[in-house]
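So TrEMBL lists these for the protein:
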type	residues	note
TRANSMEM	A:18-35	transmembrane segment
DOMAIN	A:147-326	domain 'ABC transmembrane type-1'
TRANSMEM	A:151-174	transmembrane segment
TRANSMEM	A:194-221	transmembrane segment
TRANSMEM	A:266-287	transmembrane segment
TRANSMEM	A:307-325	transmembrane segment
TRANSMEM	A:346-367	transmembrane segment
TRANSMEM	A:423-454	transmembrane segment
DOMAIN	A:462-642	domain 'ABC transmembrane type-1'
TRANSMEM	A:466-489	transmembrane segment
TRANSMEM	A:509-540	transmembrane segment
TRANSMEM	A:588-608	transmembrane segment
TRANSMEM	A:620-638	transmembrane segment
């Protein structure tokens, strides 16, 4: 449809392309009819291939040599000790009884004061108030200690992420070669399900905060590297050339021009790293990471929706506070020019107040332990419970109907086509599509991906997962366009919806699994809905941003020419926001894939189940690892085909 | 403006420094360093993620702390990782183990980092269950021979034109695909993927009177909320499940046991003696599990409640 409405863009190089694509798809269905059920490479949940056995053996060998190999004694153990002491230090400081005291070094009053003070210094009044309110809220929820444990772990992971990520990001920003080398590795780190490497991590780094921090780190460091590199690469050439002409050394160029100009993007990277770290809280709880994640996981065991919600809400609040503070700090970097007259004395005065609060919380019990007289945690969880119950009882008939409609009309036919086609047919279609939409590179990547999928021994499961991924990504894009355009056109809508989107992105999936299961049963559709809740916010935000980024003059010209609202959206705003739409689809897809494992917990089966099973059962470990790899490969394949078909080829990778 | 703020802060500071006293930290002796811990030392207890296990762990930890003066460190871990912890010295005991022959072979026979420490007294039952309303309405459903008659009722969006048999958490070994095939049942096994999914499904089935048949097990806290009815599969006989592909009989009764690290066993301290002697019944466990899950007591309070009501059983574990 886009091809006919947007003649200006060089979307299709040959006019016949949509026809060709349709032809390929039609041919697929026609060949599928007589061949369905042949060569589908099925593998039942308990069966293993030689590759899976071999991966098991590797895992066993590592475990058996844990205590004798020098690599462990002098390398992994050292890393572990360093990470462990950092996290323990942070915990002693704010979360756990330490140094022979019954309470941490800083009590609640001190933490609130210090956080508010730092937020004020770096971000301003509003974020400081928000931070103070948010932190007091943790105490009111009755989750002070858990929240501080989570904060300590998050800070530890973020600090190390930045220590590693910013230098690597600078390197990737300066060297094209390193950038090409590191990008696929970062893709891999972000799409490989965490469940796959949790067990090996505890083998390498033992059980405890160190392993949890490193697991978090693996997921959280890529944004820091990517955005630092992006920031350095976006520095205008003219600025760099100017310094070069003045004879600056490489070091001077970096510290004098590149880093200052890239500062805002780097801070955005810090922000994204914090968000990623927080989203790992519940997963890390499975290897004994302390904090809010434990509360969520324990509540899930007894299907206690209210308690899980209470803890999940604390995670959301922490994410929102940290997001707003770092974003405001990032924006402030640009406007450091106007220093207020009162700032210096205020810095001192508030510094003294914060120090006094810290001292008090170090010395007196009332300032150290949050008083539980005002606890609202149980009220909150009771409220959440009754809402969940109401939804389950009164809505589930409707939701069952929606589930059935989408499953029978969309998901089942698509899955039948993908799963029951012979592997060579699906492979041929994928390669043909890559050839039609993209270039030789896309063809090669697709062919390799198909081969790897077959190699994992999980072809059929991959196809089942692929069908779900396509449906979920389509739903994400529909939501992204509808809500994103609305938010982009309407400031008020943006202000109201944005916190909801933040909650969708940071509320741990474990919290809403139980209500969703009641609404949609243990089905593939539940997995799709969970994925949409997580992935739609990012798509919506990107689309809204794109729509808002359209120059005002263009919109005014269209209005002057007498466009209706509908024409305005379809003829001007959407076509002009096209790069944003592509980016939204790409990010939406990655987010959907990162939820495949959660889908495995709610009845989606396929790759998600394989990964969870591999985490739970020793003899399925290798299969779980292969399934994790299959998820990564699916992501690469879909991304390459989709990106090859977009007008701005890959230039919008953040 | 500036003056106002300065005054305000000055007042606050003065107020904080002089007016408010309150109990000072350090006036009372620190709680952690109580006596008696030396005899027992630190006891690292793995807590696997299900409530029945938590009940075992809660009671053992409570007795170890109160009666033996141990410092108990509970570690929340999945089974596979808990077993790994024996080798790295970070886990001393697992106190409810379901089978796991592969792990026994790997860690007890091959790596020799773990040893068995006897039964918990709990009997593990695995099987196919339906909600009580179904068993009441269709009494003959509990015989597997009649299952095909009901297959159409169990159809869902996930099972195509067959009946759906809902399987659960991948941690548990299941023969269900082989069973369906070998008993020639017109069913498809659908994997719910988690215990939460299974329990929610059974809850919905009872509340809305929708047909559901699925894999379940006891001891389990949920059974004190909803008494599920077990389907009788062909009776289990020793060896009838030897070939995984040809299984056509019910699941054996699992004898749940305790596993400890070899180091912990060799040292033979009081905590080890306690773990070794600990045994109780399914009813005991279900009761403590109910305290935790339904009455929402903390693990420690639930254990206290049970221990105080059962002094004889506790005494037997502590006897020399």
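A Cβ is built for glycine as well, from the same backbone N, Cα and C atoms used for every other residue.
On this model, are these features tucked inside or out on the surface, and what's nearby?
A Cβ distance under 8 Å defines the sequence-distant neighbours of the transmembrane segment (A:266-287), meaning residues of its chain 6+ beyond its ends; these are 150, 153-154, 157-158, 161-162, 165-166, 169, 194-195, 198, 201-202, 207, 211-212, 215-217, 219-228, 230-231, 259, 293-294, 296-297, 315, 318-319, 322-323, 326-327, 329-330, 333, 505-506, 508-510.
Listed by sequence, the residues of this chain that lie at least six past the ends of the transmembrane segment (A:509-540) yet keep a Cβ under 8 A from its Cβ atoms are 282, 296-297, 300, 303, 305, 308-309, 311-312, 388, 391-392, 395-396, 399-400, 403, 406-407, 411, 468, 471-473, 475-477, 479-480, 483-484, 487, 497, 501-502, 584-585, 587-589, 591-592, 594-596, 598-605, 608.
Proximity of distant same-chain residues to the transmembrane segment (A:588-608), defined by a Cβ-Cβ separation under 8 Å and at least 6 residues beyond the stretch ends, is recorded for 190-191, 193-195, 458, 461-462, 464-465, 468-469, 472-473, 476-477, 480, 509-510, 513, 516-517, 521-524, 526-528, 530-532, 534-536, 538-539, 627, 630-631, 634-635, 638-639, 642.
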Could you pull out which residues elsewhere in the chain have a CB under 8 Å from any CB of the transmembrane segment (A:346-367), counting only those six or more residues past its ends?
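Tertiary neighbours of the transmembrane segment (A:346-367) are 103, 105-114, 116-117, 120-121.
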